[in-house]
Amino acid sequence: MFERWGRWIHRRRRWVLAVAGAALVFAGVWGTGVFGALTSSGGFDTPGSESAKAVRIAEQDLGRDEADVVVLYRGPATVDDPSYRASVERALAALPQDKIASTATYWTTGAPQFVSEDRRSTYAVLRLAGADEGARSDDYKAMRDELTEVGGGLTAAVGGSVGTETAINEQVSSDIGRAEGMAMPILLVLLVLIFGGLVSASLPMLIGGVAILGSFTALHALSYVTDVSIFAVNITTFLGLGLAIDYGLFMVSRFREEIGHGASVEDAVAATMATAGRTVAVSGVTVAVSLSGLLLFDQNFLVSMGYGGIATVFVCMVAALTVLPALLAVLGPKVNALSIRRRARTSRGWWGRLAHSVMRRPVVYVVATVALLLALGSPFLHINWGGVDARAMPEGAEARVVAEALETQFPRNATSPIEAVVTGTSDRAAIQAYGDDLAAVPGVTGAAVTGAEGTTTRIAVTYRAEPNSGAARDLVQKVRDVQAPPGAHVHVGGMTAEVVDQLDSIGGTLPWLALLVGGATFILLFLAFGSVVLPLKAIVVNMLSLSATFGVVVLIFQDGHLSGLLNFTATGAIDPAMPILMLAMLFGISMDYEVFLLSRVREQYDLTGSNTAAVAAGMERTGSIITSAALLFIVVIGAFATSGITFIKMTGVGMAIAILMDATIVRALLVPAAMRLMGRANWWAPGPLARFYGKYGIREGDSPAPARSRLEPVR
């Protein structure tokens, strides 16, 4: 199938490139409009949960209570000085009133939470008039400069939900440009060193560019049918660029190998598609299946990442299996043009010697590598889950400065309380008694009614604990356990309650994720290699590698090790959505390298029938390419590790660590040692499944027959 496709591409290479060029122009014009089409509202909440119901009921019955814009004022005098009040009120009155639905200040509410402990700072809460997120964002941008204009010796800083979202949008756009500007020159230099020529080095870069524009176009299209998080741009960009360059490296390397053996251009393209092309297809489907597990979750952040990731992988596959072979068909032997050296140096012999060395002492290597991976993963046992807050932004960012001031200078948790929304009663005495019960809960510092209309009342519960702490999550449950007023219903929400509900939701979905991704991966690898043992081994090894990665992530981003070097603020907690996202991406990417290695091993095993020789030959032929691919991917991801958004940085650093371990400890040591121990059992499948593979396996029609189903002596 893949060989026939390669010959078809060769015959129609110029037509294929013409269509690809037109698509690229469209992507460049329309796809780059993606930044204005995505949502920056997070998507970390859990629709249908108690906290989400609390928000919905409160907004429906009491109106929006969101602090769209928070303007923090500070002056040399206290808020009791009449001139202080006059300056603030004059500044607020000068704002375009048609864009503001309501304004709340210390002087309009008399609420003490609007005043800092030293009484020199206060803040105004503005609820914008826009009917939706986009309209409110436009309202904010229209008056952003005016918000900080205040006299009387006061200073002003702007935060709030809309202000923070706008700042994040701008940070994401800046991060994308900086990361691409950093990664592209380094990638080109490395590819030139790997291939020894400018033409061959430019091909993976070209496919990477196609992948970036294609991923932007896919996300823009998705935004018309579902909300897509702004953070999907970062994730899909480095995923698309990394996969595209990996696939390009695999394909170009195999094509040059075939040309070097004297094959005609058409035969070289066909052989490349039948081998490396098949590997790319299996790898791409495996990565897409892994990412599809994100669609099982309730959180829109994860769902949008799943859609965006799947679309990006599809773009990479299409580019690698159509555009790249067409380019190779046009270039032919000229793929080696503009060489910087006569003959690319090779490290094949070194990889072969390493494989034989490992397989002479397989037990030692298996025990040592497994012990190392488990030790690296052990910090994950003390992980502390928490939500994303303003500290995810760069230190000194205006929105973060405002959020931190509200948290440290004003009454604790005044802006992030636990909220109890009471429905079904208008009995003020009963509600007062319920509020008194809430205030009596250990750890609670106060409970006050912040809104009432008809039979719906909202009560804000303040507390001593840090919102992301386990103590705060325990407090949410205690608040939920308080008896509701007679005949009433209570829904408890707020930021900490959202984290509690998020953890419950993710915990309930994880087994289904494992079943889907593990089961689908098992089936795909069986169809690719005709073995039931290799898929199980691959899944177990991947989980070991992932556990080590998550352990290191906890050490760095929760416990704060290397926070100074990496320039972020450790919050002591990790948002539960991020490890899930990393799990889905890394499981697929790790399988990418596994498929590439095992494809070569399978080729050799079918030719020789010797497991040991096949493993050594497979490593000899793929070791340098896998290492090069991993290095290139690390460069891409490492560039995104410079992001000013902490959880994007965490994803980049975590994935770079995982890929480094996968290409060294796992792929170079653990996999060959494990395959040596299992011997020919690696290729075993029960008789019926072996026959099924022979009929439906993902292989070329002239490939040798699959290994026999019975176990044979280890060789």
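These residue numbers are counts, starting from 1, taken along the chain as shown.
Cβ coordinates are placed from backbone N, Cα and C, and glycine is handled just like the others.
A TrEMBL annotation is a machine prediction, not a hand-curated record.
As a whole-number mean, the pLDDT of the domain 'SSD' (211-330) in this prediction is 89. Annotation comment: TrEMBL describes 211-330 as domain 'SSD'.
Residues of the same chain lying 6 or more positions beyond the ends of the transmembrane segment (182-199) and with a Cβ under 8 Å from any Cβ of it are 205, 208, 241, 245, 249, 252-253, 256, 331, 334-341, 343-345, 628, 631-632, 635-636, 638-639, 642. The annotation transmembrane segment is assigned in TrEMBL to 182-199 (among others).
Sequence annotations record features per position, and here TrEMBL assigns transmembrane segment to 231-250 (among others).
Taken from TrEMBL, the feature transmembrane segment applies to 280-297 (among others).
What TrEMBL records for 309-332 (among others) is transmembrane segment. Same-chain residues lying 6 or more positions outside the transmembrane segment (309-332) and placing a CB less than 8 Å from one of its CB atoms are 5-6, 9-10, 12-14, 16-17, 20, 199, 203, 206-207, 210-211, 214-215, 217-219, 221-222, 235-236, 239-240, 243-244, 247-248, 251-252, 255, 259, 265-266, 268-269, 272-273, 277, 280-281, 284-285, 287-288, 291-292, 294, 584-585, 588.
Annotated transmembrane segment per TrEMBL: 363-383 (among others), in sequence order.
Here TrEMBL flags 512-532 (among others) as transmembrane segment.
Residues annotated as transmembrane segment in TrEMBL: 539-557 (among others).
Per TrEMBL, the feature transmembrane segment maps to 577-598 (among others). Nonlocal intrachain contacts for the transmembrane segment (577-598), taken as residues 6+ away from its ends with a CB within less than 8 angstroms of a stretch CB, comprise 44, 235, 239, 242-243, 246, 250, 279, 282-283, 286-291, 293-294, 297, 299, 301-302, 305-306, 309, 313, 502, 506, 510, 513, 517, 521, 525, 528-529, 534, 538, 541-542, 545-546, 549-550, 553, 618-619, 622, 625-626, 629-630, 633, 647, 650-651, 654-655, 658-659, 662-663, 666-667, 671.
Feature annotation from TrEMBL assigns transmembrane segment to 629-648 (among others).
Sequence annotations record features per position, and here TrEMBL assigns transmembrane segment to 654-675 (among others).
Contact counts against the transmembrane segment (629-648), taken as Cβ pairs under 8 Å, peak for 231-250 among the stretches 231-250, 280-297, 363-383, 654-675.
Distant neighbours of the transmembrane segment (231-250): 34-35, 38, 172, 175-176, 179-180, 183, 187, 191, 194, 203-208, 210-212, 214-216, 218-219, 276, 279-280, 283-284, 287, 301, 304-305, 308-309, 311-313, 315-317, 319-320, 324, 581, 585, 589, 592, 596, 625, 628-629, 632-633, 636-637, 639-640, 643, 645, 647-648, 651-652, 655; these residues of the same chain sit at least 6 beyond its ends, with a Cβ under 8 Å from one of its Cβ atoms. For the transmembrane segment (539-557), same-chain residues at least 6 beyond its ends with a Cβ under 8 Å from one of its own Cβ atoms are 370, 372-374, 376-380, 382-383, 518, 521-522, 563, 566, 568, 570, 574, 579, 582-583, 586-587, 590-591, 594, 646, 650, 653-654, 657-658, 661-662, 665-666, 670-671, 674. Beyond its flanks by at least six residues, the transmembrane segment (654-675) meets 238, 351, 354-355, 358-359, 361-363, 365-366, 369-370, 372-373, 376, 537, 541, 544-546, 548-550, 552-553, 582, 585-586, 589-590, 593-594, 597, 601, 611, 615-616, 619, 623, 626-627, 629-631, 633-634, 637-638, 641, 682 of its own chain at Cβ-Cβ distances under 8 Å. For the domain 'SSD' (211-330), the DSSP counts in helix, strand and coil order read 105 helix, 1 strand, 14 coil.
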